[in-house]
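This is the structure, below, for whatever I ask next.
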Amino acid sequence: VSLQMMKHAWDNYKRYAWGLNELKPISKQGHSSNLFGNIQGATIVDALDTLYIMEMKEEFKEAKEWVEKNLDFNVNAEISVFEVNIRFVGGLLSAYYLSGEEVFRKKAVELGEKLLPAFNTPTGIPWALLNIKSGIGRNWPWASGGSSILAEFGTLHLEFVHLSHLSGNPVFAEKVMNIRKVLNRLDKPEGLYPNYLNPSSGQWGQHHVSIGGLGDSFYEYLLKAWLMSDKTDEEGKKMYYDAVQAIETHLIRKSSGGLTYIAEWKGGLLEHKMGHLTCFAGGMFALGADGAPNDKTGHHIELGAEIARTCHESYDRTSMKLGPEAFRFDGGVEAIATRQNEKYYILRPEVIETYMYMWRLTHDPKYRQWGWEAVEALEKHCRVDGGYSGIRDVYNNHESHDDVQQSFFLSETLKYLYLLFSEDDLLPFEHWVFNTEAHPLPVLQKDDGNKEENQK
């Protein structure tokens, strides 16, 4: 089914928005998010590996030809370093590792080089925004005290280690290792990492902590850096398990109805709200269970299962059976969005991602059951003639579509659904680690460092 869904999403993108970043499936035209500046083709690059994995050979070939002829980084525009890294660099790296086509390696390294000026700050903590022509960077104007954002500068590690591996140029890996040095030197309030860090002073901004947006993928990348290094990156491992310990102590709570959730922390006060983005953490806890210190493996799997259940409830308690952007545990509500601006669903993958990890690591059939419920809801409410659209209010019985088919729908949501219903030997966890945009990157075996060098 996810194969047919992918075909519908891709064919319509191709028909109405080919070469542009994303598709507006209702108005049947292109959509360009300012996150990518003037770089074009986000959906193509994000979907390459999904097309390959689903054996959509014709489509993959067309996408590859577009990349060869049209993917251009010589644009005078400001881009989000984080978004361009996870979608474009990640997408190109995966396409290279899966297909072996040299064009993808070349483009990934070329783009990586264009991102390097973002690290030209007093601390080496990169800017959020970069003009890739002038090399001038800055931070989001809304971010606390001119800070860079934890989830943004903390979500470069996997891709940059692979850029060094594929280019033979150590600078990429050095840049991301330095970020850790800065973080390790700093005092962490209650062992927690605030979401804001000033790249000039090297000091934290506001003490806000979140495992949802602004924080989320930083934690994911600590664990995955250790797994991707074939479990040799001890620093990444220690930082991850220490962080989980602090998260359990300070952020994980149980509602009166027995649902485990991860709250947000604002200068010592808890806000009892959980974002859809935070739902990735169920899969993360389960993926990290195997390496958990002092017999905590079962506990981490259990934690993953409880988060998966809470997130399933957030879907189940809506009219459309699709989860809201954020949901709360206060004032007598549990796992329900109480604010109008949190009731939307933009085709996000995180809940399905957690089902996929939980399925692979426990084989409890309920995860496939829950995934199937999500498929039915997507088909019923998000599928339109011209593709798939997000929804403005999941509690309403009448669809109000937002008219955007996000590139991550093809990259993540549909890929995780496909993997949830595939055998475990498709992209097995011992050989592949998924970046935060679901782009699979190979584990770098500790014994083949020399082999790679000799092939150059």
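Every residue gets a Cβ built from N, Cα and C, even glycine.
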With reference to TrEMBL, which of the candidate residues CYS279, CYS382 participates in the disulphide bond with CYS311?
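Out of the candidates CYS279, CYS382, the one TrEMBL links to CYS311 is CYS279.
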Tell me which residues of the chain lie with their Cβ under 8 angstroms from that of GLU325 (active site, proton donor), as long as they are six or more apart in sequence?
GLY275, HIS276, ALA337, ASN341, GLU342, LYS343, TYR344, TYR345, ILE346, ARG348
List the Cα distance (Å, whole number) between CYS279 (disulfide bond) and GLU350 (active site).
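Just about 6 Å between their Cα atoms.
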Can you tell me how far the Cα of THR436 (Ca(2+) binding site) sits from the Cα of GLU83 (active site, proton donor), in Å?
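Distance (Cα to Cα, whole Å): 10 Å.
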Any idea what the Cα distance is from CYS311 (disulfide bond) over to GLU350 (active site), rounded to a whole Å?
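Rounded to the nearest whole number, the Cα-Cα distance is 9 Å.
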